[in-house]
Amino acid sequence: MPFPDRMLVFLAVLELELWLRIDCADTQGLSSEFYLSNSCGDVPKGTAGTFQSPGYPQSYPSDMDCIWVIEALPEDLVQLEFTVMSIERHRTCKYDYVIVYDGKGPNKVEMGRFCGSEVPATLQTSSNTMTIVMQSDSSVELEGFSAQFNTFRIPSGNGQTRLVGGRSMYSGLVEVEFDGKWGGICAKQWGSSDAKVVCHQLGFTGPALATRIKVSERGTPLAVSYAKCKGDEKILQNCDIRRTGKCTSNKRAAVICQVGESCAALKSAGVLESGLFIVDPDGTEGGVDAFPVECDMVSDPTTGISIIGHDSEKRMRVTPCEEAGCYSHTINYNQTSLDQLKVLIEASESCEQYVSVECRHIRFLKQRWGWWVSRDGRQINSWGGAPTDSGKCSCGENGNCALALSTCNCDANDGVWRQDEGFLRDKSTLPVREVRFGDTQDVPAEMAFHRIGALHCSGHGPKVPVLESCAALKEAGFQESKEYYIDPDGTRQGVLEFAVFCDMTSDPFTAITVVSHNSETRLRVAPCEEPGCYSRELSYQADLIQLNALTRVSESCEQHVKLDCRHIRFIQSGWGWWVSWDGRKMSYWGDANPDSGSCACGMSGSCSDPGKLCNCDSNDHIWRTDEGHLRDKSTLPVRSVHFGDTKGAPLEMAFHTIGKLMCKGIALQRKHLNLAK
């Protein structure tokens, strides 16, 4: 999801030296170069330029936060090449670093975070704007960087990419813009590497799932007949793309950009490189928006660690004041709300946050002169390393406080500099929302400094295995109703795994596997006269062969069907039918026996016309309905529905509603197989 720019703490006025070079042999005429010396940020404009960190080649300043924004013409892209990189080295570039973004403002996407002495590879945007941020702390200042940029235009068009028709902003049909027109991509050769490039181009840095969507002849126009990516390209246009040629598939390329629930979930999915990622702890259809976190994928070999920084991580002086809690400092977390952090914390196995107070001649927890505030606004009377609301710091819990105190070192209230520090680990209280201190009025005798660390959350509960169905997942102990991946015939054989929704609560004995499709709303039958002249083919979230595998391993399956009608002929008259998953014509309707030529009312003898087997075969001017459930597993799911005799509108009309495929339980033979195992 979009997230706001960091606050620009320091912005110096540039000393800008501009040389215009006129190349007589260049038919383009004028080009420009920028040489930015002793500068901290600017908005360079031109086709090429060079700029450096402030003070280069001497040391860059400490406590610096600089931003450069390179803007090309609307149709152009930006390339950036670092020629020198000499910035304080750290494994995750935590202290001094340069971050390069594609775009600007709240929608910009991180392309890389750099420090040390290794020169990064050339970077290229997918938009006409690039943002470069450099930040330093209060120690170890080196030479900095020197970089050069140029702008260029893709001859075939601006190459924008978007997703349409998906269930969320993270999924859908891939469309590419060429020459001002949008079109789809032939899905015949579409694979995971191609999907990865599309998702990364759109700013989603987690795993990507390649899917295919069937389109009609008059559906999405074709823009790319062939696309093949290695997976490391920055934009789709850098892949092997062919715009000419025929597509022999009636399906178009689609993707599901898998935004992980946390860094732990991303690592479980195979993301092993540390960096900035977008996570969504309650899922893409949950209550809070996705947000950026720093993922540490190396410190713990078993899981990823989600790190959320804030504006108060440095050592900060407590402003002099006398009363209890008179000093207040609120913690503002980077691009993240407390509601979002609450969801992340609840979804994580463990979380912790470092806190420290250095003190001289002050009172602290013993007389309630200082405290911190939890995320939900509660005053917490304890400090790092001690139980919540115990009135103690770590030394009080461990029995090693100065002067044999039972609470905290900072309760000594003497002229010696002391410290209380430790980690807060109570997930119900984290993160720290605010810190409060007092008794610091008499400077310099009374003084205090606090330091609040970033929030660290690791783990994501037990890893969810890919099992045969939702019923199998429930038997394995998973109780939460949400989206899971299943593989009915087992992993690494037969059909591929696919996503379904698992209803774990409606049936107390088992779970229900729910599969959606594109025709669940009430749809009007288009006017036409001949039997079956109207056809509606259903497109499911999985292939029909995958869904047939699901029905075979399930104890029972059903699909609700409904037809609202007026003055038409239906099944008994041979004017309407539905088609099974494998293409067989089915001449019966919901809650009737297979191949009975009947609807539910015909089975119970309750049809509006006693001589008919369906209400909709009455062919009169009264609105009537036939509905019920289809339950023959060998035929499900419904592949298509066919109707006719609706040409004489508005007298002749019909509407159909086809429900989701719902399967529950474990087939008897499957139970025996599991017992044998």
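Every residue, even glycine, has its Cβ placed from backbone N, Cα and C.
Each of CYS229, CYS247 is a candidate, yet TrEMBL gives the disulfide link of CYS239 to CYS229. If you count neighbouring Cβ atoms within 10 Å for each of the disulfide-bonded residues CYS229, CYS239, the highest count belongs to CYS229. Note on the domain 'CUB' (40-152): its mean pLDDT in the predicted model is 85. In terms of DSSP secondary structure, the domain 'CUB' (40-152) contains 3 helix, 57 strand, 53 coil. Following the DSSP three-state reduction, the secondary structure of CYS229 (disulfide bond) is coil.
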